[in-house]
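This report refers to the structure that appears directly beneath it.
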């Protein structure tokens, strides 16, 4: 898979796609959606779609595609190569969401959670297929979380298409298995060849599976934490594992929208009855306060 | 700034090393060196709507701020030696990057207002011409 565009800039999102098979613009198609790398604290999350004409579904099944989790890395690689060979009737497209995009979305002023990000990415990929002229008739989606609400949401967006959202769809529908293979191949390759934006010293390439409960991943996080900057952008700062390491091993950072504990400026109620006059600090004119200017007569 | 009324002070012009500075929209309540050149600078991207980077997983948008003409910025460092305190300039700057949380600081930025003060101060302290 050619991920050179991602390797050039992995701070945002990156779309990759196969050419659209001509037959998919003529015949009604079935389209599968799946994701890879949702749970890990390291690396990108990849969303993929795979589609083929309904009449050729048996040919896709004949490739013996299966849920990517049940396949070894080399088997996934081999199956992806086969799908590429069958490019006259199988098409795919994927979105690589960089860990930086995931962090900045989830930690935004207006929180954009992983579910919304996932749903919007999936919708974007279906829309892309439609824009390319693919005659999408049926969509199958794998899901984590309750499938009913997600199905309703997707169905509303694509009224002319029959949408099926199901847990473990990647094991049930070959077109979803094929999408899961595309996503997993891209995620594995992206993680393996990750181009660190930062200039890190004695970078350790052994980061384990990237899952928060992997001791290797945890050890890697502890090794590469910087007291001021936290982690390299390869890390999802919004993950609890990352946050708790930062709490103990890095400096505190307060933002203008940080939650503050107690309200300052309110004295204890007893202070109103005490005899000593309340000392009021002499404040500069509002002009200076608004500009953050302080007099420098005393240094 | 230069003092002109104290003749006793010996005036010397020293060339200070120019430095690149970033003003972030957050507080890190410590004073310590940070690997800016390894973590921050290489991550800055130029986008159609200005500069982009992230810090601690939060998105920042930035713009260049130029020190008003006629003025120079200095980075001052305080050092305490026993009873005495020494304040010295370690580097100089004529511009810096101002970062806002998720949005460009824009014309209403506090620092931009602060940089207007010297010209206003000069105007209000200027001699009023007698008619």
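Each Cβ is built from the backbone N, Cα and C atoms, and glycine gets one as well.
Under the three-state DSSP scheme, residue A:142 (divalent metal cation binding site) falls in the strand class. Close to residue A:142 (divalent metal cation binding site) in the fold, though at least 6 residues off in sequence, lie A:32, A:33, A:34, A:35, A:166, A:167, A:168, A:169, A:170, A:176, A:180, each with a CB less than 8 Å from its CB. According to TrEMBL, the feature divalent metal cation binding site maps to A:34, A:35, A:142.
According to TrEMBL, the domain 'RNase H type-2' annotation covers A:28-251.
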Taking the Cβ of each of the binding-site residues and counting other Cβ atoms inside 10 Å, which one has the highest number: A:34, A:35?
A:34
Of A:34, A:35, A:142, chain B-adjacent binding-site residues (C-beta under 8 angstroms):
none
For divalent metal cation, what surrounds A:34, A:35, A:142 with a Cβ no more than 8 Å from their Cβ centroid?
A:33, A:36, A:47, A:48, A:141, A:143, A:169, A:170, A:176, A:179, A:180, A:183
Give the helix, strand or coil assignment DSSP yields for residue A:35 (divalent metal cation binding site).
strand
